[in-house]
Amino acid sequence: MELLAVVCLCLLTWSGTTFAAGNGPDVIKMVVKEGDDAILPCSLSTRENIVQKLFDWKRDGQKEVFLYDAGVTYGKDHPGQDEQFKQRVFHFPDQLPFGDASIVIRNTKVTDSGNYTCDFPRLQPRRRGLIELVVDPVLKDRTEENIPGAAPAPVTKILKVTEDGVVLQCEVRGASPKPDVKWQDSDGNVLRAEEPQVSERGGLYYVSLLTTVTKTSTNLFHCVSTQKDIGHRTEEEIYVPERLLEDKSCHEAPMFIGGVFTGIVIVAAVLSVLAAIYITIRRNKGEFK
Ligand SMILES: *[C@@H]1O[C@H](CO)[C@@H](O)[C@H](O)[C@H]1NC(C)=O
């Protein structure tokens, strides 16, 4: 009984911290190259299921970018989306169960630049995310470098927020010889990454490398591209806002609590079996007396 009380108390504490977090109105700044896709991150720190919820993305407080209402999005049956965003904005249906309301704007234009808000108007307390997006036409010129074949600086971006952490993408576009691309934390430790995606066009290599990061002391991550043969090294740093990385410990909590409950159930089961055996033995003894 005491154990149960302790577990309940812990549960309360956990949900307390989980709900308190994530109200910070800090702005996430993002810069993308014109023509690239922009993923605007927005997640509830509680990671509660939002499949049946409503969330609303607006730009500069007025333009309707995207709306999700329990399965329904803008379209034939739900007019109101701004012309500019029609057929270009999508959400991530498989991430909804984890409180992830992020959207992707495909093929960005300079005119997409602005301040985006992600709003859950019906949730108590009401929660909002703010993202400043800058679509830069000049970033295009990065692929042209002075040394022939030398890799341009990698392009890093936040791809999405998942259960396990924030997925970062690093792209090196147009390099020869083939560059070696790595993700590192701010102490220079090489981070575990997925298998790099490499393609070749016109003798130039295009490399894309994904890694999933969790909170560190700086929340700064580096993508480093090296071409040993020509002694060329470039790198790009990316800062992941605290808000996207927080609550990883709380996210572990349900599993842990699950573990505790499973433990209790097992202990209870073992105890009842022992009790049953004990009683049976007693009874048998009684019979044989
Ligand atoms: C976002 O809002 C701030 C403050 O109002 C403004 O200075 C900034 O220019 C806006 N950003 C964009 C990309 O429009």
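Here the Cβ of each residue, glycine as well, is placed from N, Cα and C on the backbone.
Heads up, TrEMBL stuff is auto-annotated, nobody curated it.
What TrEMBL records for this protein:
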| type | residues | note |
| --- | --- | --- |
| DOMAIN | 25-118 | domain 'Ig-like' |
| DOMAIN | 148-239 | domain 'Ig-like' |
| SIGNAL | 1-20 | signal peptide |
| TRANSMEM | 255-281 | transmembrane segment |
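Counting residues of the domain 'Ig-like' (25-118) by DSSP class, helix then strand then coil, yields 12 helix, 40 strand, 42 coil. Residues in the domain 'Ig-like' (148-239) partition by DSSP class (helix H, G, I; strand E, B; coil) as 3 helix, 58 strand, 31 coil.
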